[in-house]
Amino acid sequence: MHTVDANSLRLYRWYYSRIWQLGLGLTIAVVLMLAFIERPSSFSYTSDPRFRPPPWEPPCGLTEGIEIVCLVIFAIDFATKSYLIGWEEFRKCKWLIVYILAVSASVIDWALTLSMYFRRLIRPFFLLQNSSLMKKTLKCIKRTLPEIASVILLLALHLCLFTMIGMLLFAKGEQNGEWEAYFRDLPTSFSSLLVLLTTANNPDVMIPAYSLNRGYSIFFILFSGFGTYFLMNLLTAIVYNQFRGYLLMSVQASILRRRLGVRAAFEVMSCQGWGQDATHSEENVVQQLSDGFIQWEAFRRLFDELDKDRIKEHPPKPEYNSSLLQGLQLLFCHYYVTVVGNAVALANVMCICTILVLDSEKSIAERDDYYMEVINCFFILYYLMEMSLKILAFGWRGYLSYRNNIFDGLLTVCLLVLQITIFATYRLPFPKWNPASRGLMSLWEMVRLVNMLIVVRFLRIIPDIKLMALIASTLVDLVKNLRAFAGILVVIEVDLYLFLYSVMSNSSMKNITVECGSYEQLGYWPNNFDDFASSLVLLYNVMVVNNWQVFMDAYTRYTTQWSKVYFVSWWLTSSVMWVNLFVALILENFIYKWDRSVMCSVADVERTGYETTVQLMFREQIQEPTEEELVTQLHQHPHLHLS
């Protein structure tokens, strides 16, 4: 709720204008990007400490100056929000209270410049508080945690039980490689089975015992079967169900606020339009459109239409007087022209694939791709002709109104420019193929770049296949709707990086081992916490859980056993919680689009991309607020006084 006087409404419109919101988002991005250039700087071409040169360091005061400007903007943002909602609402809003504390603490830390890492830990909060969807996602996680506590407890019990059984089963003895590698003590046994739960060390963890007796495989199969395929999937189902339920409630509350705002506007205009002696009934407002009045239901339907996303319409085709041009227009507007173009693109890709198979064992000096260059030249001329005739048929505006035409045309122009560059640099007819000769690029490099663009251009077939178009539309929509989840993931990554960097900065590489399968033997040196960019890559690798036990083992050896807690916490947060939330939203989005596209044509699938919102995904489950609920909420509004 916010104040509704004239000055507040003007300020409200300015604050939520596209310019201010874009500027605020840019400020948040800048303050987060400072981590890449602050010490330790990420400005080096490699993160491998064996080959990394001294990184570029910013001039003294550059990052501090940028940061104080950002903090001033945050202070203006906070002051504006506080003024709009008023003192009473401000005291109830925990996010704003934490917001002012975060800004104040950052300014104090900036002024003292004694604890630089402290205000770095605060920075991700600015991203968090500026997104209502991120806040809702956090509330969803908070609401989900108690629900999945029973499954996590059962998972912990499962791990502890099999850890003890494993330590008893693989006790110390002669020629017992299983005990020495995986069940030496309680922490090692527990972490080995925890990693097995993610299948990252399977089948390595069972090979020493399995090589002695095939019966030992039953232990590992039972552990993985119940833990990985039952408990972990049950955890996914619970997270999905709770997320869907919370998102539905959030959408229901959003619909209530929308309806309340529309009803408030109707009531305000109605009060201003009535005389002092006019009688008024909330249930039956007698108004006639011919007299300049509108009824509540019609008013609400009007706002429903205005709230819909605008569906892009293609401009009309140009009109030609020539019968020849009319015939060409009719021909190249036909769907089968696109089918033929896709077939030609497929033939081009198959030619490239054939050449790659034939030349896979040859060195660059032994390859002779002269004929490949001639074939590509022919195909590029066809692509240029197809693009030109489509522009003739649809017109410039009509051609560019199709997304697949923009993609196709852009790549065709790039291919044409590259082909002209090849002709200008190496001349025709390429009398001697010499891959080592150099212009701006070698001839082999140019041909390779042309081949890559041709392969990418083959993606033009996606809009013409219904299921592929549906999947592509879902992916595009996820990019728009998953910003909140990605934002929270960035927040946690930044905080975890700063936490571990403060620990690792005082450690040194001692007791280096070259044991098979270790961090050092696998050459994982570029995966480290030496700077912000490499830390993001390392945390991503841990989230994927492939060989994540290697990182956990290395940092345990170079720091303390508590490093395991750090990596396990990140695995639980990212791989268990966030990946499951991603799956939940992907399922909801795809199921919604699939249900809508069952009776749609291929051309209509693209249209759903303009209409898919979180509200529409749950439209069938949403209940419209009743008249009594709206009237009650209006009379309880602290800043709205209706007669």
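Each residue, glycine too, has its Cβ placed from N, Cα and C.
Straight from TrEMBL, the features:
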type: DOMAIN; residues: 43-243; note: domain 'Ion transport'
type: DOMAIN; residues: 350-590; note: domain 'Ion transport'
type: TRANSMEM; residues: 19-37; note: transmembrane segment
type: TRANSMEM; residues: 96-118; note: transmembrane segment
type: TRANSMEM; residues: 148-170; note: transmembrane segment
type: TRANSMEM; residues: 218-240; note: transmembrane segment
type: TRANSMEM; residues: 335-358; note: transmembrane segment
type: TRANSMEM; residues: 406-426; note: transmembrane segment
type: TRANSMEM; residues: 446-463; note: transmembrane segment
type: TRANSMEM; residues: 484-504; note: transmembrane segment
type: TRANSMEM; residues: 565-587; note: transmembrane segment
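Averaged across the domain 'Ion transport' (43-243), pLDDT for the predicted model comes to 85. Sequence-distant contacts of the transmembrane segment (406-426) (same chain, six or more residues past either end, CB-CB distance under 8 Å): 373, 376-377, 380, 383-384, 387, 399-400, 437, 439-440, 443, 446-447, 449-450, 453-454, 456-457, 459-460. Residues of the same chain lying 6 or more positions beyond the ends of the transmembrane segment (218-240) and with a Cβ under 8 Å from any Cβ of it are 144, 147-148, 151-152, 154-155, 158-159, 162, 165-166, 169, 193, 196-199, 202-203, 205-206, 209-210, 576-577, 580-581, 583-584, 587. Taking Cβ pairs closer than 8 Å, the transmembrane segment (96-118) reaches residues 38, 64, 67-68, 71, 74-75, 78, 81-82, 85, 90, 125-126, 129, 498, 501-502 in its own chain, all 6 or more past its ends.
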